[in-house]
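Enquirer: A single structure is presented below for examination.
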Ligand SMILES: NC(=O)N[C@@H](CC(=O)O)C(=O)O
Ligand SMILES: [Zn+2]
Ligand SMILES: [Zn+2]
C-alpha cells in the first residue's frame with residue numbers, strides 16, 4: 001500500500017524566465033504584466049522589427065518595458081543584443097560593461113520569427129564571439145540550420161552537428177545557452193557538455209509532441225519554432241528537465257502573436273505561454289514525481305549560470321484546478337494562450 005501523502009503545495013524561491021518575447025508598443029503593455037506576475041526577472045529577446053542591434057536601442061527598449069508595467073511592479077528585464085553579420089565588437093563590449101545587456105542572441109538568418117537580419121554564417125561573427133568569450137558574456141542561440149535541403153524536424157539536430165560542435169571546440173570558454181531545446185540529440189549534447197554549456201526548455205516542449213499540431217486538423221496555436229518533435233524527444237526533454245543537471249533551466253519562450261495572425265494560411269510561429277507558465281511547468285514536474293527538483297530548474301540554475309544572485313522572496317504553488325481562458329485580451333490584441341480551454345491542476349497561490 002502506498003502511504004505517501006500527495007504533495008499539495010510547493011513554496012520555492014521566486015523564479016525567473018530566461019527566454020521571453022515581450023514585443024513592443026501596445027502589445028508590450030498587454031503582455032508584459034503576465035510575465036512580471038510570475039517572474040522576478042526575464043531575459044528579453046531582441047527580435048523586434050527593427051531588431052535591437054545597438055546599445056542605445058536596447059537601452060531605450062528597456063525603458064519602454066519598465067514604462068509599460070503598472071507602477072510598483074517588482075520586475076527586472078534583462079536585455080539582450082541581436083547579432084548580425086556586421087555587429088561591432090566595441091559595441092558589444094561597451095553595452096555589456098555598462099550593464100545595458102547581459103547577453104547576445106544568435107539567430108541564424110531566416111530561422112524563425114524576426115530573424116531576417118540574423119547571421120548568415122557563424123564565421124562572420126567569430127571576432128564578436130571571441131570578445132564575448134574573453135569577457136564572459138553569454139551567447140544565446142536559436143539552434144536550427146536554415147538549409148532548405150534539411151527537413152524542418154531535423155534542423156536542430158543538424159545544427160548541433162554542423163555548427164554547435166565546432167563552435168564549442170573553437171571557443172571552449174564561450175558561455176552558451178542553447179535555447180528552447182526540442183530533441184533528444186540536444187538533451188544529450190547538453191547533458192554531456194562542460195560547465196559553459198546550458199539550455200532552456202519551454203513548457204510546450206514538455207507537454208506536447210507534433211501530434212498536438214497535426215492530428216484531427218491543423219492547430220496553429222501549437223506551432224512554434226523549433227517545431228515540436230515526435231514523442232521520444234518530448235520524453236527526453238522531460239527527463240533532462242527533472243534531472244539533476246544544473247545547466248538546464250526555465251525559459252518559456254513566451255511568443256505572443258495576435259490570434260488572426262496565427263489562424264492564417266501562413267500562420268506565425270510562437271506560443272503565448274506567459275499567463276500560466278509556472279502552472280504548466282509544475283504540472284510536468286508533478287507528473288514526473290519531481291516536485292523536489294522544480295526549484296532548481298525554475299529559480300536556482302538560471303541565476304547560477306548567468307552569475308546573478310538568486311531571488312530572496314518566495315512564491316507558493318498549490319494543487320487546485322485553474323481554467324485557462326480560450327483567449328486573452330492583451331491591451332486590445334486578442335491572443336490565444338497555451339493550454340487554452342484546458343484545466344491545469346496547479347495554480348499560483
Ligand atoms: N519561438 C517561436 O516560435 N517564435 C519566436 C521566435 C523564437 O524564439 O524562435 C517569436 O518571436 O515569435
Ligand atoms: Zn528561437
Ligand atoms: Zn524565443
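From the backbone N, Cα and C atoms, a Cβ is placed for every residue, glycine too.
Because TrEMBL annotations are produced automatically, they should be read as predictions rather than curated entries.
Note that the structure is predicted; figures quoted are calculated from it, not measured.
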Enquirer: For the Zn(2+) 2 site that TrEMBL assigns to 105, 142, which of 180, 205, 207 is also named?
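Expert: When TrEMBL describes the Zn(2+) 2 site, the candidate it includes is 180.
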Enquirer: Among 36, 59, 269, which residue does TrEMBL name as a further substrate binder in the site formed by 21, 22, 23, 47, 142, 225, 257?
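Expert: According to TrEMBL, the candidate sharing the substrate site with 21, 22, 23, 47, 142, 225, 257 is 269.
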Enquirer: Report the candidate from 246, 253, 286 that shares the Zn(2+) 1 site with 19, 21, 105, as recorded in TrEMBL.
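Expert: Only hit among 246, 253, 286 in TrEMBL's Zn(2+) 1 site, alongside 19, 21, 105: 253.
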Enquirer: For Zn(2+) 1, what surrounds 19, 21, 105, 253 with a Cβ no more than 8 Å from their Cβ centroid?
Expert: 20, 43, 45, 47, 140, 179, 180, 251, 254, 255
Enquirer: Among the binding-site residues 19, 21, 180, report those whose Cα falls within 10 Å of that of residue 142 (substrate binding site); none is a fine answer.
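Expert: Among 19, 21, 180, the ones whose Cα sits within 10 Å of that of residue 142 (substrate binding site) are 180.
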Enquirer: Among 19, 22, 23, 105, which binding-site residues lie by ligand 1, judged by Cβ under 6 Å to any atom?
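Expert: Within range of ligand 1: none.
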Enquirer: Using a Cβ cut-off under 8 Å and a sequence separation of 6 or more, which residues in the same chain sit near residue 19 (Zn(2+) 1 binding site)?
Expert: 43, 45, 140, 179, 180, 200, 202, 251, 252, 253
Enquirer: Would you mind sorting out which binding-site residues among 22, 47, 142, 225, 253, 257 put a C-beta under 6 angstroms from ligand 3?
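Expert: Close enough to ligand 3 are 253.
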Enquirer: I'd like to know which of the binding-site residues listed (19, 21, 23, 105, 142, 269) lie near ligand 2, counting only a CB under 6 Å away.
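Expert: What lies within reach of ligand 2, judged by Cβ under 6 Å, is 142.
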